Amino acid sequence: MARGCLQGVKYLMFAFNLLFWLGGCGILGVGIWLAATQGNFATLSASFPSLSAANLLIVTGTFVMAIGFMGCIGAIKENKCLLLTFFVMLLLVFLLEATIAILFFAYTDKIDRYAQQDLKKGLHLYDTPGNVGLTNAWSIIQTDFRCCGVSNYTDWFEVYNATRVPDSCCLEFSESCGLHAPGTWWKAPCYETVKIWLQENLLAVGVFGLCTALVQILGLTFAMTMYCQVVKADTYCA
């Protein structure tokens with residue numbers, strides 16, 4: 001009976017971790033593609049230049065693959081050490097995510113101020129050698145969200161030491177349109193515009209976060225259940 005339960009949990013855990021591993025492969029693949037085709041795409045921070053979308057996806061994909069692989073091998077081999085290691089690693093990730101979420105909501109105002117200051121520092125790296133990712137990211141954000149600068153378009157005046165903005169700030173794009181009068185530029189601040197967009201899509205973000213948490217809890221449950229079944233089976237055989 002115990003052996004039958006163990007086999008059932010074993011196959012469930014293997015299937016779960018196989019999907020987990022395949023998901024990690026997909027994330028890693030997208031990250032590598034972004035790194036190869038877009039450089040440091042979506043790098044906006046001056047303090048953390050390596051914090052790009054490509055690098056985040058590569059690190060996340062690699063980590064998810066490693067955890068999924070460990071879970072698969074642990075399930076197939078019925079290895080108590082691997083199962084316990086998988087459980088501990090997944091639990092640490094879950095607790096880390098929960099801690100970050102709590103700190104984010106507790107220090108929202110401070111994070112806002114720091115983020116805006118850091119983004120303004122990053123503006124000075126716009127269109128400079130070695131910062132193609134940051135340049136592309138700002139161009140895409142300003143064009144897609146129809147905004148200009150972090151707080152307002154005057155943020156760019158400090159960057160250029162002149163009354164001008166990047167061409168991506170223009171209402172109608174044309175070569176050197178950023179040298180024209182302010183009436184031809186977007187007036188909305190990018191930070192607030194993106195923040196409002198995120199708030200409007202908070203439900204989708206919340207659903208994604210909840211699904212992620214449920215998947216992790218499911219993985220923790222499978223791992224601990226199988227670990228206990230292996231221990232029982234070993235005790236029974238002994």
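In case you wondered, yes, glycine gets a Cβ from its N, Cα and C as well.
What TrEMBL records for C148-C169 is disulfide bond.
Here TrEMBL flags 12-36 (among others) as transmembrane segment.
Among residues of the same chain six or more beyond the transmembrane segment (56-76), those with a C-beta under 8 A of the stretch's C-beta atoms are 10-11, 13-14, 16-32, 34-35, 82-83, 85-86, 89-90, 93, 219, 223, 226. Summarising the annotation, TrEMBL assigns transmembrane segment to 56-76 (among others).
According to TrEMBL, the feature transmembrane segment maps to 83-107 (among others).
Panel annotation: around the transmembrane segment (202-223), residues 9, 12-13, 16-17, 20, 71, 74, 83-84, 86-87, 90-91, 93-94, 97, 101 of the same chain, lying at least six beyond its termini, place a Cβ under 8 Å from a Cβ of the stretch. Annotated transmembrane segment per TrEMBL: 202-223 (among others), in sequence order.
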Quick test of the contact rule: Cβ under 8 Å, at least six residues beyond the ends. What residues does that give for the transmembrane segment (83-107)? 17, 67, 70-71, 74-75, 209, 212-213, 216-217, 219-220, 223-224, 226-227, 230
For C169 (disulfide bond), the number of other Cβ atoms found within 10 Å of its own Cβ: 26
